[in-house]
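> The domain 'Amino acid transporter transmembrane' annotation in TrEMBL covers 63-463. Under the heading region 'Disordered', TrEMBL lists 1-33. For 93-115, 157-181, 193-210, 217-239, 259-277, 289-315, 342-360, 381-398, 404-424, 445-467, the entry in TrEMBL reads transmembrane segment.
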Amino acid sequence: MADNKGFTPDGQESLPSAPTVENPPPYTNAINDFNSKANLTEKELSLTDDPYHPFEHRDPNGASAGGALAHLLKSSLGTGILAMPMAFHNAGLAFGMAMTLIVGFLCTHCVHILVKTSHDICRDAKVSALGFAETAEKVFEYGPKGMRPYSNFAKQFVDIGLMATYYAAACVYIVFIATSFHDVINYDLKINWDVRIYIALTVIPCLLIGQIRDLKWLVPFSMMANIFIVVTFAITLYYMFDEPLVYSDKPLIAKAAHIPLFFATVIFAMEGIGVVMPVENSMRKPQHFLGCPGVLNIAMVTVVSLYAIIGFFGYVRFGDQVRGSITLNLPEGAWLGDTAKLLMAVAILFTFGLQFYVPNEILWRKISHKFSPEKHNITQILLRSGIILLSGGVAAAIPNLEPFISLVGAVFFSLLGIFVPSFVETVYLWPDRLGVCKWKLVKNIFLGVFSILALVAGAVASINEIIEMYSDDD
């Protein structure tokens, strides 16, 4: 990101029409220095400058709209869509369908306002592109004076939230892979190994894949994962419709105690907030990301439709026996069902490298300066290995996929995916650009309250399920 040019160095003559200030602060790098209490900001200096058009400064060799759409779809069609039948089990057919569409709309809106705010603040800051955390930082830096000292806090909050989200999702990946191999191998070989043994075995290839630090080496794994996922979906759809569907024994609305688990699971499934800004930043024509139809709208309509269809018919097909991933409901011992389970497990294993790459890049940027360059390699190896071993330990502690997915969705995705975008937009528009009767403020307060309720209720329900799981084991 470009250095901050707005803070005037000592002794430099200010722009002719800029406001006069006493004792202007020394030149500082706005990325790292959040203690500056400067009254003269970039925003004020740039008012007299020619309008800056960030889209004109993007890489002309960047991703096309079609490429961006493919990236968004790929990031959304993973373990989340396979968990949708379980979400419908916790909601009921009618309530689940209605709320899936509503939550899908809310998630799409939150992504939209985040990207729109990022575009606007890029124009103010005169930079071509900003990531999620950098957008939050700049919005606070340019926002109301009372918010400016918290710009670095906003950036660190988003960065730490992204790291926690991806690391937690990596734990879910390990549980999913281990459970898939557990079900197939235990049944076919007539053994009774605990799922934690498979978690320990799963950690071994994860240790190897997690050491990959260059995205180009992850491309072959990603391509194979895409093929495996398509084959798995085809097999799953075959089993979903291989028998007459029975609707009469499925409730339209589930018990109230299960509703929070539904929202937590749906938010986990739909929120791809961590990949949105990197994908948008990579586009050569980012103006095609928003709008109608736009990359975002096409991707989210496709994703929400697929999630609703898989969730609805998956629950109708397997009923109360549905599990945290619908592939785990496929017939045991049947070669086609076993193939789907194993292919999906391997696909998720191949995706683990990309899932693990993102938070490690954020973490390494924050701590790399603390180590001498000659120790960077061994430090990265030890750091990555330690985090993967810790993730395996967390997965072994909570080896049940269903409450784990709900817990991750409730705690992390509701904060980053809904609360942060709505709060960031409010800060950017404050105080006089919030619309007629401040309707945008009212809307964002609703989104914030919804995300906090989803966090608290979903986390409590998920933790209660985990406690019950351990109580049953005793």
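Cβ atoms here come from the backbone N, Cα and C positions, even for glycine.
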> Taking the transmembrane segment (289-315) as the first stretch and the transmembrane segment (93-115) as the second, find out whether 3 or more Cβ pairs fall under 8 Å, excluding pairs closer than 6 in sequence.
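When sequence-distant Cβ pairs are counted, the transmembrane segment (93-115) touches the transmembrane segment (289-315), since at least 3 lie under 8 Å.
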> At a threshold of under 8 Å on Cβ distances, which of 217-239, 404-424, 445-467 pairs most often with the transmembrane segment (157-181)?
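Comparing 217-239, 404-424, 445-467: 404-424 has the most Cβ pairs near the transmembrane segment (157-181).
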> Any contact between the transmembrane segment (404-424) and the transmembrane segment (259-277), i.e. 3 or more CB pairs below 8 Å with pairs at least 6 residues apart?
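Contact between the transmembrane segment (404-424) and the transmembrane segment (259-277): present.
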> Between the transmembrane segment (217-239) and the transmembrane segment (445-467), do 3 or more CB pairs sit under 8 angstroms, pairs being 6 or more residues apart?
no
> Restricting to the same chain and to residues at least six past its boundaries, which positions have a Cβ under 8 Å from a Cβ of the transmembrane segment (93-115)?
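84, 87, 132, 135, 247, 250-254, 259, 262-263, 266-267, 270-271, 273, 276-277, 280, 289-290, 296-297, 300, 303-304, 307-308, 311-312, 315-316, 417-418, 420-422, 424-425, 447, 450.
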